[in-house]
């Protein structure tokens, strides 16, 4: 994401102009735009025209509109963002108050104005515009006949390809059908890797599986690369890291990222930090339950006692339609930071973020036990905030 202009007043009202450059920037934008904001961007509008002879026709024109935002729709697979609202500035083609939907486009700037820019939103802009926050991990999670090729970016886990091939069982004295199907499966996975992984950006490619599938696959891939003189694979061989996974399904990626070998290799990535924080929370819940709590009310009480060491919070909570509720989460984040606590904002599009959402989306590891919390502990997961 490129920051063109930022103009925010002392009362935190103001506007920023940004240019989305990567598909992931649409996800950042989705987390920035809220109902009631005003969005100015280039868009296509179908307009009716009347010729001198009186015949009526229609054509599509490009124009710039400013909308008061009423609805936001994000397609996570296509990374497309549509913003619906009413026109609030005079325009040659669109009446004031008329509805329109802008589909934000890569490499076209937009200007977003808010009455109140909070700290969480401003931090997201800072992160989105920092080139160090780019996609740098890929993963091939596989078992015999099934593979998922994923990109692990700082904000989301994207499934780029799913490969499925029926592998017949080995028969006594005749393994040829099994071996041919397995080779066909491996070849399709290799093709998917070359098609979907940008080797110039990705620092590490995890190949994870149960049993010996990963070793057999990597042996096949590099033997074929030598035979065909595939420089792309041979030059990037050192980036491939083989690790254990319980299955070839996407959910196995969480356990892969928890693997100590992987964690040390990916220690500088946000995704690995999220996974470790959630893992630490679960360990504390098991071994020191008086220092691990989840649910907004419990976590707020812990914060009042200045007991929070690490706050785990899902980014979907900052998209809450109710401004007062959203502000409550922002105040919690600001307060934990002021008290020298660590804040981990989890992406709801990461496997770890999905798990945190099942724990109400907010949890905390405490510096010390808070007796009142332990006494009053109830089923936090039933809270509806």
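Cβ coordinates come from backbone N, Cα and C, glycine included.
Quantities reported herein were computed from a predicted structural model and do not represent experimental measurements.
Sequence annotations record features per position, and here Swiss-Prot assigns SUMO2 cross-link to 162. Taken from Swiss-Prot, the feature phosphoserine applies to 374, 380, 381, 382.
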Cβ atoms other than its own within 10 Å of the Cβ of residue 162 (SUMO2 cross-link), all chains, total 14
Cα of the residue listed as 'SUMO2 cross-link' to Cα of residue 374 (phosphoserine), in Å and rounded, measures 45
Using a 10 Å radius around its CB, how many other CB atoms surround residue 374 (phosphoserine)?
12
